[in-house]
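What TrEMBL records for 8-35, 42-69 is domain 'CHHC U11-48K-type'. Look at TrEMBL and you will find 82-104 tagged as region 'Disordered'.
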Amino acid sequence: DLLDPERLIQCPFVKQHQIRACRFPYHLVKCKESNPEIAKKLATCPFNARHLVPRGDLSNHIMTCNDQALMEQDVVSGCCEPPQEQVKDGSTWQAPPCDEDWET
C-alpha cells in the first residue's frame, strides 16, 4: 500500500538502508550529507523530491513519473477555480457569527 507509513523504502544513497515511509524524508537529508559523492551523481525529480535518480536517467524518469499526473491535476484544478476575494492583509479567514449579547 503506497499510503502505508510503515512500508519500507530503499534508500537511493545506500541500497542496504530500508527506511519506513514516514521517516524517509528525514533519512534522505541525513544520508545525502553522509554520502556527498553519491549525492552528486543523483538528480531530484521535479514532481517528487523523494525520487532521486541517476542524473542520466532523469529525463526518462520525468516522462514516466507517476507523480507528474498528480501535479498536472493540481495545476488544472487551480486554473479552473475562481479566485477568492481576499481582505487587505491577504487572509481569507472570517470570524464565525457570534450569538452572545453582552448587554443582557
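Just so it is clear, glycine is given a Cβ too, placed from its N, Cα and C backbone atoms.
Counting residue by residue with DSSP, the domain 'CHHC U11-48K-type' (8-35) contains 14 helix, 6 strand, 8 coil.
Broken down by DSSP into helix, strand and coil, the domain 'CHHC U11-48K-type' (42-69) contains 13 helix, 6 strand, 9 coil. Mean per-residue pLDDT, taken over the domain 'CHHC U11-48K-type' (42-69), amounts to 93. Here the domain 'CHHC U11-48K-type' (8-35) has Cβ contacts under 8 Å with residues 42, 49-50, 52-53 of the same chain, all six or more residues outside its ends.
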